[in-house]
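Reading through the structure tokens given below for one structure.
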Amino acid sequence: MSAIGSLIFCSECGNLLESTTAQWTTCDQCQSVYPSEQFANLVVETKSSASAFPSALKLKHSIVQVESQKEEAATIEEKCPKCGNDHMTFHTLQLRSADEGSTVFYECPRCAYKFSTNN
């Protein structure tokens, strides 16, 4: 018998054994027999981290931010380098230190081409 966490496997064939209240546990695959008392005092300790359970609320918050940024985008007369459209939408973010300029993100409404520049 081999145990990995709360799962118990047959030592002969590796089949997963079913837990039972009977005196003996029998492997359904190879018919090996194990005394059930071996499994009675099995202690399982689990550990997890916050990253193992992603927050649905946090994910929703990120999606809302992206959508709100799209709504706040302004339009400028700038030629798209990809399709030649005369207008592009843009928004700015302060990604670098406060004493440096902001980053301008452009997006073409026609072909969805995106690029950014540092001011």
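Just so you know, the numbers here start at 1 and follow the chain as drawn.
Using the three backbone atoms N, Cα and C, a Cβ is placed for every residue, glycine included.
These come from Swiss-Prot:
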BINDING   CYS10, CYS13, CYS27, CYS30  Zn(2+) 1 binding site
ZN_FING   10-30  zinc finger
ZN_FING   76-116  zinc finger
BINDING   CYS80, CYS83, CYS108, CYS111  Zn(2+) 2 binding site
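Where Swiss-Prot records a feature, it is marked here on the structure.
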residue	record	contacts (Cβ under 8 Å, 6+ apart)
CYS13	Zn(2+) 1 binding site	CYS27, GLN29, CYS30, SER32
CYS80	Zn(2+) 2 binding site	MET88, CYS108, ARG110, CYS111, TYR113
CYS83	Zn(2+) 2 binding site	CYS108, ARG110, CYS111, TYR113
DSSP assigns the residues of the zinc finger (76-116) as 0 helix, 15 strand, 26 coil
Using a 10 Å radius on the Cβ of CYS111 (Zn(2+) 2 binding site), the other Cβ atoms enclosed count 12
Cβ density check for CYS27 (Zn(2+) 1 binding site), other Cβ within 10 Å (all protein chains) comes to 20
Once DSSP output is merged into helix, strand and coil, CYS30 (Zn(2+) 1 binding site) belongs to coil
According to DSSP, CYS10 (Zn(2+) 1 binding site) sits in coil
Neighbouring CB atoms within 10 angstroms of the CB of CYS30 (Zn(2+) 1 binding site), all protein chains considered, total 12
Surrounding the recorded Zn(2+) 1 site, with Cβ no more than 8 Å from the Cβ centroid of CYS10, CYS13, CYS27, CYS30 and those residues left out, we find SER11, GLU12, GLY14, ASN15, LEU17, ASP28, GLN29, GLN31, SER32
